[in-house]
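A short worksheet on the structure shown next.
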Amino acid sequence: MTPTIKPLVLLILDGWGYREDAPDNAIAKANTPVMDRLWEKYPHCLVDGSGGAVGLPDGQMGNSEVGHVNLGAGRIVYQDFTRISKAISDRSFFSNTILCDALKKAKAAKGAVHIMGLLSAGGVHSHEDHLVAMIEMAVEQGAEDVYLHAFLDGRDTPPKSALPSIERFEALFARLGKGRFATLSGRFFAMDRDKRWERIEQSYKAVYHGLSGVTSANATDAVENAYERGETDEFVTPVVIGQPAPIANGDSVFFMNFRADRAREMTQAFVDKDFDGFDRGSRADISEFVMLTQYADTLEAPSAFPPEPLNNVLGEWLAKHDKTQLRISETEKYAHVTFFFSGGREQEFEGEKRVLIPSPKVKTYDLQPEMSSEQLTDELVAAIESQAFDVVICNYPNGDMVGHTGNFDAAVKACEAVDHSVGRVVSALEAVGGECLITADHGNAEQMSDATTGQAHTAHTNELVPFIYVGRPAKARNGRLSDVAPTILHLIGMEQPDEMTGTSLMTLEQD
């Protein structure tokens, strides 16, 4: 009979990949006595969080949304990126009812088509191939005025990598004989997810009203001028390109990001009737606003690729069996341990509690690499000591959020802060007879420089991630993120649902 283990805690160390020691490996260079001891002492293995193992195209780096969906689902979940790319390749994208209807409405109203999204080959929040397809579709269906509002990456891509993408789209516009860049914004402004409305406001006013203190004759000059100001792609101040092209009556707007978390705030500014984040100014009577995917079920706008339901994810299965669960993280990864881990569900399951620890209000997290880890750990330790929960899901964002800054020394400090927190959590669990699983959703901090470009490496990696079981004697096997939920169920003595096709990474010696 399986002994009662309460709680079982899953610690997700965001961006903590496994890589042999290298000069730019912030994790290896950090002083991490706790993780080093746990790796040596307890059953451990490596799991795959990228490419086909998580439902992405082969070779595509993993990301936090994809990672948490797979962690919670217990099966490989084919991602929106893959789904949309397939629709483009089989041409079903070009007959998508939602997209076609919005284009027809704009044409009937003699309105323009505005396409906005992250101009990136990173494949984390968007892919520029999808923007190309949307522009081609708009022109094919008779749109006369097509405007591209491009958000620049430099986070999931090298910090200064926008110019080749801009050249690609300028060539596309020339080939089609229609379309142009209307605005550029660094994703720092256009894709905030922490209610820093002053950032969204700057990008929104450029896109919606054609207003900015920075203008440029063309997109290439805009980027080169930004570089001269010391701005990398992510931080490019919103720029109006050429003659302003504000949103006007009858226009249709298409938001081409497929990942929800960093698309919600800009979408709220466009569509929420009671929006109060900032003064939006005058509002046009637009024909349609289309989300590529559903960014939130509370947003009143159609989505071209609505969610495909996931049944019997870990949270739902625990609730069906009267188990209690806690989801806890900082602001930056709160959506990941709740919405994404629950397969796209906004509301709590029966017996689920959620705790949000505010992330520090700093421009970039290399300025405070420990982030809010101490406060997060205080809350987590208190929850463990209460013994009120059967399962706890916690994310420490530091490795990823600081890794994205490209600041090596800060990433080292981030890893050390997380290591200290893990030590506190494990000690609290030992005191109450609980157990712990430690893993990551994808890599990041283990590679901080790009050998090809010589620039800082700010993106995720394709590296495997560690998996440690701090508990009973067991044998470990390598696997993928979708094996984690079945592992949790196995360790607490529950059968897994038929929908979960993953298998436990641990075999208890008593089994």
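Cβ atoms here come from the backbone N, Cα and C positions, even for glycine.
Database features, via Swiss-Prot:
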type	residues	note
ACT_SITE	S64	active site, phosphoserine intermediate
BINDING	D14, S64, D441, H442	Mn(2+) 2 binding site
BINDING	H125, R155, D156, R187, R193, R259, A260, D261, R262, K333	substrate binding site
BINDING	D400, H404, H460	Mn(2+) 1 binding site
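Positions of the features from Swiss-Prot, shown on the structure.
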{"residue": "D14", "record": "Mn(2+) 2 binding site", "DSSP class": "coil"}
{"residue": "S64", "record": "active site, phosphoserine intermediate", "DSSP class": "helix"}
{"residue": "H125", "record": "substrate binding site", "DSSP class": "coil"}
{"residue": "D156", "record": "substrate binding site", "DSSP class": "coil"}
{"residue": "R193", "record": "substrate binding site", "DSSP class": "coil"}
{"residue": "A260", "record": "substrate binding site", "DSSP class": "coil"}
{"residue": "H404", "record": "Mn(2+) 1 binding site", "DSSP class": "coil"}
{"residue": "D441", "record": "Mn(2+) 2 binding site", "DSSP class": "coil"}
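Between the CA atoms of H460 (Mn(2+) 1 binding site) and R262 (substrate binding site) there is a gap of 16 Å. Here D156 (substrate binding site) is positioned 12 angstrom away from the residue listed as 'active site, phosphoserine intermediate', judged by their C-alpha atoms.
D400 (Mn(2+) 1 binding site) is 10 Å away from D441 (Mn(2+) 2 binding site) when you measure Cα to Cα. Straight-line distance linking the Cα atoms of R193 (substrate binding site) and H404 (Mn(2+) 1 binding site), rounded to a whole number, equals 15 Å.
When the Cα atoms are compared, H442 (Mn(2+) 2 binding site) and D400 (Mn(2+) 1 binding site) turn out to be 9 Å apart.
Comparing D14 (Mn(2+) 2 binding site) with D400 (Mn(2+) 1 binding site), their Cα atoms are 5 Å apart once rounded. In sequence order, G15, R155, Y365, N444, T458, A459 are the residues of the chain that are 6 or more apart from H404 (Mn(2+) 1 binding site) and have a CB within less than 8 Å of its CB. Cβ packing within 10 Å was compared across the binding-site residues R262, H442, H460, and the lowest neighbour count falls to R262. Cβ-based crowding with a 10 Å cutoff singles out H125 as the top-ranked of the binding-site residues H125, R193. The number of other Cβ atoms within 10 Å of the Cβ belonging to D14 (Mn(2+) 2 binding site), over all protein chains shown, comes to 27.
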